[in-house]
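Just below is one structure, and these are the notes that go with it.
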Amino acid sequence: MYSGAAAAAGPPRRDFISVTLGPEEAVGVGGYNNSKAWRRRSCWRKWKQLSRLQRSVILFLFAFLAVCGVISYTSMEEAWKSITNKSLDEQRTEQEIPGLKLANPAVLPAPQKADAIHGDYPELSLQKPPKPPHVRRGPSNLQIKAPRRDMRLKTRHDTIRAVEELVEADKVEKTEKSIISWRGAVIEPDQSTEPPSSKIKEPEKPSSVEAEDRKEPVPINERQLAVIEAFRHAWKGYKDFAWGHDELKPLSKSYSEWFGLGLTLIDALDTMWILGLKEEFEEARKWVANDLVFDKNVDVNLFESTIRILGGLLSTYHLSGDSLFLEKAKDIGNRLMPAFKTPSKIPYSDVNIGRGTAHPPRWTSDSTVAEVTSIQLEFRELSRLTGDEKFQKAVDEVMKHVHTLSGKNDGLVPMFINTNSGQFTHLGVYTLGARADSYYEYLLKQWIQGGKKENELLEDYTRAIEGVKKHLLQRSEPKRLTFVGELAHGHFSAKMDHLVCFLPGTLALGAHNGLAADHMKLAEALIETCYQMYAQVETGLSPEIVHFNLHAQKGHKDVEIKPADRHNLLRPETVESLFYMYRFTGDKKYQDWGWEILQNFNRYTRVPTGGYTSINNVQNPSNPEPRDKMESFFLGETLKYMFLLFSDDIDLINLDKYVFNTEAHPLPIWVPA
C-alpha cells in the first residue's frame, strides 16, 4: 500500500498484479494441472514478489544451515571412528590374551616418568622444586578387559612426555624383621562377603567401576614431588644392595631375608604405579616375570604373605591390567591353602609353600586373631577373579566361626585363638594394638568390599566400636588427649601402640560410608592424639608404644616413653589415617602434619648412600641409633599414603571405588553385575 504523501513524492511505482484465470484459460481444457514445470513457474513468481531484504535473509539462513550441517557431519564422523577403533582394540585384546574376561580392568593409566626431582633431601628444603606440569594422576576409566600393554603405556603418552620435558628443562640428575613382625603382625580382620554358591561355574569378573567423565588434570605438587624423591632414594638403596631380596640393610649395604621372595619389591609395585615411576616399575616387572618363583622349600607366615605378596600382586594387576600379576597371585594363593587344613578350620600361622605343608608356631598351637581374620579381603578377591570358590570358602568359614565364639567383651576380641579347638585363648585381655587390631579394620572393609550387604560384618564392627568407647577410651593430662588403652582382666592400662593409629582412618571411612556421625568425631579426636605422639617427641617421630599420663604432673607431657618402646620402624598407621581424614574433610592441617613427619623421616632416618633405616631412640636427635633395616612397608605403605595425602585428586584411588588392605594395597569394591 502507498500513502498519499508517498504518491506525491514522485512518479508512481509500477506494480504487478496476479490475475487467476479460469481453468481453461490457465491450463487448457484438460483442467487443473499439477505438473512440476507449472509448480516451478509459480514458485519463481512468488520468489520474485519478495523484497530484496527478504530474499537476502532467506539465503543467509540456508547458508548458515549448510555450514552447521558440515560441522556436525565432521564431529559425528570422528566420534564414530573413535567408537569403531575402541571396539576393534577390545577384539584384538581378547584374541591376544585368551581368557582375559577375568582380567581386572586397568584402573590407572600407564605410569608416567617422574624424574622431576632428585638428590638429597636437604637440597629440597633449600630450593623449591619447579612447578610440575598438569599431569593426570589417578584412575581415569575402568575397562572390563585389561588393555594390551602397548595400549596401556600409550594411554599417558602425552603426560609422560610433559614430565620428561620438565626433567630435560631442569636437567635434574637421576640420581630386619624377626619371624614375628607386628606391623606386620597387626593386620585387620576380614570377613567373607555373602556365602559363595556351591559351584562357581564361571570366573567372576572384577568389579567394574563406572567410567567417569574426564576431569581437568590435577597437577603434582611440590610435596608429592618430595615423596617421589624419597621413594627414589629408598629404591636406589634397595636396587644397589638388596635387589630381589626381602629387605634392605642400608647401613651395612646388604640385605636380610625373611621368606626369600623379594618382599620389598612386591610391596612397592603398586606404589611405583601410583607415583608414576615407569622405569622402576618396568624393571621390577621383569624381575617378577623372570625371577619370582614360589616353588621353594621355605616356611612363610600366612598372614604376612597374604597381605604383602598376594595383596600386592592383586592390586598391581588391578591397576596395570597386566595378567602376569594375576597368574603369580593364583600361584601363591594355591600354595597358601594348606594352612586351612586344621581340625577347626582356623588356619595355621606358617606354610611351606614348596612342600605344601603347614604348622603352628614352634612354641604354641595358637594363631593370633588378627592374622586369621585379616586375610579375607585378598582371598575373597582371588576367588572373584579366578572363579575358584575354595579361596573365599576357606576364609568365610573362619569369619563365621569367630562371629559365633564366646569370650568377647562388648564386641572386643581376645588376641589368640587355638587352631585345634577353634576357641579363644588368653581370655580377658583386649587391645586394638598388635595381634588384634586389623580384625576390627577388616570387619568394616569386608562390608564395604562386598557392597555393604553382609550385615553380620557391620554388626560386629559397630558393636566393637561401642566396646572401645565403653572400655578402652580415656583422656590424658594435661592436654586432654583422647586415646585408646588396653584392658587386662578388668584392669585398664594407659598403653597405646602406634599400630592403633589405624583407627582414626577406619572410623572416618565408616562415617563416610553412612555410619554414625560420632564415629567421625572420635576419629578427629584420635588423629590429634596420634599426631601428638610425634609432636611431643624430641625427633618428631613416634615411638612404637607410648603410655599416657592420666593425672596432671608438673613438667610432664601427655606422652611418656619407656626405654624398651622408643624405637621407630618407619610405620605407616598415622600417615594412613591422615590420608583418610584429609580426603574426607579437606582440612589442610592433616597435610601439614604429614609434611612434618616426612621431613623428620628425612632428617633422622635417611641413609646418604640410599634407603631409610628404622631407629632405636626417637628421644635422641643427636644419635637416634639406626637399626640398619628398612621395612618393606615403608615403600609399600608409608610413602604411598604420603603421596596420596598430599594429592588433591580424589580420583587418585577413589575411596568409593577401592578399599585398601592392611598393607595399603587397593582392591576394587564389588559392584553388582
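Placement of Cβ uses the backbone N, Cα and C atoms for every residue, glycine included.
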- line: Checking TrEMBL: of Cys68, Cys501, the cysteine bonded to Cys530 via disulfide is Cys501
Query: When the Cα of Glu304 (active site, proton donor) is compared with the Cα of each of the active-site residues Asp437, Glu544, Glu573, which one is closest?
result: Asp437
- prompt: Just going by other Cβ atoms within 10 Å, which of the active-site residues Glu304, Asp437, Glu544, Glu573 has the emptiest spot?
  reply: Glu544
- prompt: What's the CA-CA gap between Glu544 (active site, proton donor) and Asp437 (active site) in angstrom, rounded?
  reply: 15
Field: Cα-Cα distance linking Glu573 (active site) and Asp437 (active site), given in Å to the nearest integer
entry: 11
